[in-house]
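Some features that TrEMBL has for this protein:
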type: TRANSMEM; residues: 34-58; note: transmembrane segment
type: TRANSMEM; residues: 70-87; note: transmembrane segment
type: TRANSMEM; residues: 99-119; note: transmembrane segment
type: TRANSMEM; residues: 125-144; note: transmembrane segment
type: TRANSMEM; residues: 165-188; note: transmembrane segment
type: TRANSMEM; residues: 194-217; note: transmembrane segment
type: TRANSMEM; residues: 237-261; note: transmembrane segment
type: TRANSMEM; residues: 273-295; note: transmembrane segment
type: TRANSMEM; residues: 307-328; note: transmembrane segment
type: TRANSMEM; residues: 340-359; note: transmembrane segment
type: TRANSMEM; residues: 396-416; note: transmembrane segment
type: TRANSMEM; residues: 428-448; note: transmembrane segment
type: REGION; residues: 464-494; note: region 'Disordered'
Amino acid sequence: MSYTYTRKHHITGWDPEDRQAWDAGGAQIAKRNLVWSIICEHIGFSIWSLFSVMVLFMSPKYGISLDQKFAITATATFVGACLRIPYTQATAKFGGRNWAIFSAVVLLIPTGLVLMLMMNPGKFGFGWFLFVAALTGLGGGNFASSMTNINAFFPHRLKGWALGLNAGGGNLGVPVIQLIGLLVIWLSSDKPEIVCAIYLVALAFAAIGAAIFMDNLDHQTASYRSMVDCLKYRDTWLISLLYIGTFGSFIGFSFAFSQVLQISFKSSGVGNAALAAAQIAWIGPLLGSIARPYGGKLADRFGGGRITFVCFLAMIASSVLLVISGMAADAHAHHKIGTAQLIGFIVGFILLFLISGIANGSVYKIIPTVFEHKARNLTGLTTMGRVIWSRKMSGALIGIAGAVGALGGVGINLVLRSSYKANQSATAAFWVFLAFYAIAAIITWFFYARSEIVLEERETTDIPVTGETAGPADADPVVDDAELSPSPAQGATK
C-alpha cells in the first residue's frame, strides 16, 4: 500500500491488506479514525434515545399524556430506523470524515430544541414534541454510516474486532445518557435541560474531534443494486423478521422501559417514581449492549440458527413472566402493583434486554451462512465470483435487516401505548410480545436451526447475477468481511 495523506484529511490509495504499509503507520491512522467514529456514533445513539430520559421529567404541567409519551418515543425510533439505509450510502458519497462532522453538527438542532421544550413546560403542544422527536431520529442513522466507514479502514483479519468495538461503543450511548439522566434527577429533579446542555457540549466536542482527527478515503463505493437484488430472496424477509424480534426488542425496550418502570413505581406507591425508574432503566440497555458480541461467539461455536432459536425460547419464558406479573397486578383494584409483581416486571424486562442482546449477535451470523449455500449453486461465476456475490448479498442484507429490525422498536412503543390507553396496563402488550416471539421461534427452527440439511435442500437462486452484483467487494454497504465469510465452526453446524 502506497497511500497519500493530504492536509485536507484525504487519503488516496488506501489498502489495509498491505501489511508493510499497515505496520508503517496505517494502523495508527485506522485506530485514530475508529476512536472518533465510536465517539460520534456513541453520542448519536444517546441523542436518538434522548426522549427515553426526557419522559421521566414530563410532569402533568407539560400537558403530555401517557399515550402521547409512547408516541413521541415511537416517532424517534421510526425516523432512526428509516435513515439507516440512506446513511449507509452517505460515507461513500461525502466521505467518512465529512459525514461524521455533519452528523454530529446536525444533532445540535434537535438537542437544542429539546432543551427549549423542556425549559418551557405547557408552552408547546404535542405536535412540537413529535417534530423534535423525529429530528432526534437523525442520531439513529449514525450507526450505519459509522460501520460503513470503519469497515473500509481495517484489514480483513481485524474487521471483526474493529466493527465489534464500533457497534458496542455506539450501543452504550443508550445506557450512558440514562445514567446521566439518573444523576440529574438525583441532584435536581426539575432541571432536564442540564442533560441537553451536557450533550450540546459533547456534540461540539465530537464534531471538532472528527474534523481534526478523522480522514476521508478516496475509494469508498456504495451500491443500492445489491440491496434491490437482495430483496428478491425469501431469506431477506425472514431474517429481517427475526431481527425485528431481537434488535427491535432491544431498541424498543430501551425507549420504553423507563416509562413502564415509572408507571409501575407510581402504581406501587413509590414516592419519587421518576428517580426509582431512572435507577434501574439503564441496566437493561447496558447488559444488552455487552451481551451482543457474546451472541456472535456462541453462534460461531454452535450455529447462528440454534443460538437464535434458544434465545427466542428464553424470550418467550421472559414474556410469560411479564404476563403472569401483569395479570396478577390487573387482579388488584385500580391495577395496583404489589412488590412481587414489580419484581416480576423488572426481572422480565432485564432478561429480555440480555437475551435480545445475545440474539442480535447470533441472527447476524445466520446471514453469511445462507448466502454461502446459495452461492455454491450459482452458474456462470468463478469461485472468487461466488465469494464476492455472497459477500455483497450478505452485506446488503445486514443493512436491510438493521433498518427493518429497528422498526420493531416502533411496534413495541405503539403496542405499549395502545395497551395502556385501552386497559391502563401493559398486560395486553406482553401477550403480543409473547406471540411474536413464539412465531419467530417457529420460523427460526423451521428454516435455520434444525440441521445443515435444511439449508442444503432449500431453494438456491434463480435470480440473474448481474455484473454489478458480482462486482468489487468494496462496494458492500455495511460489510464486515470477517462476518460475511462463515467461520469453520459455523460451516460445521449449519
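Glycine residues also receive a Cβ, built from the backbone N, Cα and C atoms like all the rest.
TrEMBL entries are annotated by machine, without manual review.
Within its own chain, the transmembrane segment (99-119) has Cβ neighbours under 8 Å at 36-37, 40, 43-44, 47, 50-51, 54, 57, 87, 90-91, 128-129, 132, 135-136, 138-139, 141-142, 145-146, 149, 192-193, 196-197, 199-200, 203-204, 206-207, 210-211, 214, counting only residues six or more beyond its boundaries. The recorded stretches the transmembrane segment (307-328) and the transmembrane segment (194-217) do not share 3+ CB pairs below 8 A when only pairs 6 or more apart in sequence are counted, and are therefore not in contact. The transmembrane segment (165-188) shares more Cβ pairs under 8 Å with 273-295 than with any other stretch in the list 70-87, 125-144, 237-261, 273-295.
Highest Cβ pair count under 8 Å relative to the transmembrane segment (428-448), across stretches 34-58, 237-261, 273-295: 237-261. Same-chain residues lying 6 or more positions outside the transmembrane segment (396-416) and placing a CB less than 8 Å from one of its CB atoms are 70-71, 73-74, 77-78, 80-82, 84-85, 88, 140, 143-144, 226-227, 229-231, 235-236, 239-241, 243-256, 259-260, 363-364, 367, 371, 426, 429, 432-433, 476-480, 483. Per-stretch counts of Cβ pairs under 8 Å to the transmembrane segment (70-87) identify 125-144 as the leading one among 34-58, 125-144, 194-217. Same-chain residues lying 6+ beyond the ends of the transmembrane segment (273-295) with a Cβ under 8 Å from its Cβ atoms: 52-53, 56-57, 164, 167-168, 171-172, 174-176, 178-179, 181-182, 185-186, 189, 250, 253-254, 257-259, 261-263, 265-266, 307, 311, 346, 349-350, 352-362.
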